[in-house]
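Report on the following structure.
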Amino acid sequence: MPDYQYKRIFLVVMDSVGIGEAPDAAEFNDVGADTLGHIAEKMNGLHMPNMAKLGLSHIKEIKGIPADEKPLAYYGKMQEASNGKDTMTGHWEIMGLYIDTPFRVFPDGFPDELLNELKEKTGRGIIGNKPASGTEILDELGEEHMKTGDLIVYTSADSVLQIAAHEEVVPLDELYRICEIARELTLDEKYMVGRIIARPFVGEPGAFVRTPNRHDYALKPFDRTVMNELKDDGLDVIAIGKISDIYDGEGITSSLRTKSNMDGMDKLVDTLKTDFTGISFLNLVDFDALYGHRRDPEGYGKALEEFDARLPEVFDLLKEDDLLVITADHGNDPVHHGTDHTREYVPLIAYSKKHQGANELPTSKTFADLGATVADNFKTTMPKYGTSFLSKLK
């Protein structure tokens, strides 16, 4: 087996945990955004002793988190280069891509022009057209849908267009065909959504249930990522949480679904107990979905503290030749205006038991530096973007 600096690299993306406005925040209407800083203020101090040990407060002062005199990890921050601040853009950039055209989000629903085209091409009416929880919108509009056959169209804070239909009203093959039409229409730059999702359900009013026949029509990454290179070289790429959806299954050797952040940490612990060579890639989405978009700083703070409390289990299972990297994909400051993501730096923590000490890493000008470091470690084809910091980890 080749002599890799690290046999296993565990990447943990704390979805939306930004660490202060990016230099180009003004272009995104995000001046003053500071996800971690503002949560810490609202909580009157965050209790994250394990992240403190890793050096989190050395990146930026955070209320309640002391700057440990001798941090155990290398620490720094990364700036997003791509033109966007959504989950797909952040993750694709982490794995070596540069995204010029941002994916669209529709916090006020989709434009009439798009929906009229969809109606015309499907022969069905449309109801809903707003951001909503998938179960709540069925309670609200399921009965009307059953009477009229109109499609329930809704979105979320992410770049998605979801179409819900009762399996006895709109047969599955028709719903899938409708979603394929929607996918085609939204390849137009002005409607460019990351995913179309078919959301079939069954049951009666008051007792609707979504079925397992969900189908995603995602965009595949437009170029090869570091994950493709690892997989082609026979290495393991273990996706945990929504990672597989984000990359539309590209470059992934196995995928573990998660129900929550804590379930994600359980799956990470399980993965730490297995023998593999390659990467494990975990996304913890609750920070973003449950607290950031809902502008709930206290809930967000508690979730951060719960995450921190799970880290000793991870530390205990790390081997000498493992590397743990903790970062984020964008910000989502819960005290910022609106409900959207925020353009921020993201933290970068790199920890291994074999590190002699720790030090500050230079600020990365692109998230792709992380992907380049992974590629460098596994001696595979380097991405077009990004500069490896592997040699700095000693």
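A Cβ is built for glycine as well, from the same backbone N, Cα and C atoms used for every other residue.
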Which of these, His215, His341, His355, does Swiss-Prot say binds Mn(2+) 2 at the same site as Asp288, His293? His341
Taking Asp15, Asp24 as the options, which does Swiss-Prot list with Asp329, His330 at the Mn(2+) 1 site? Asp15
Rank the binding-site residues His293, His330, His341 by how many other Cβ atoms lie within 10 Å of each Cβ and give me the one with the fewest. His293
Min neighbour Cβ count (10 Å) across binding-site residues Asp15, Asp288, Asp329 flags Asp15
State the Cα to Cα distance, in Å, between Asp288 (Mn(2+) 2 binding site) and Asp15 (Mn(2+) 1 binding site), rounded to an integer. 6
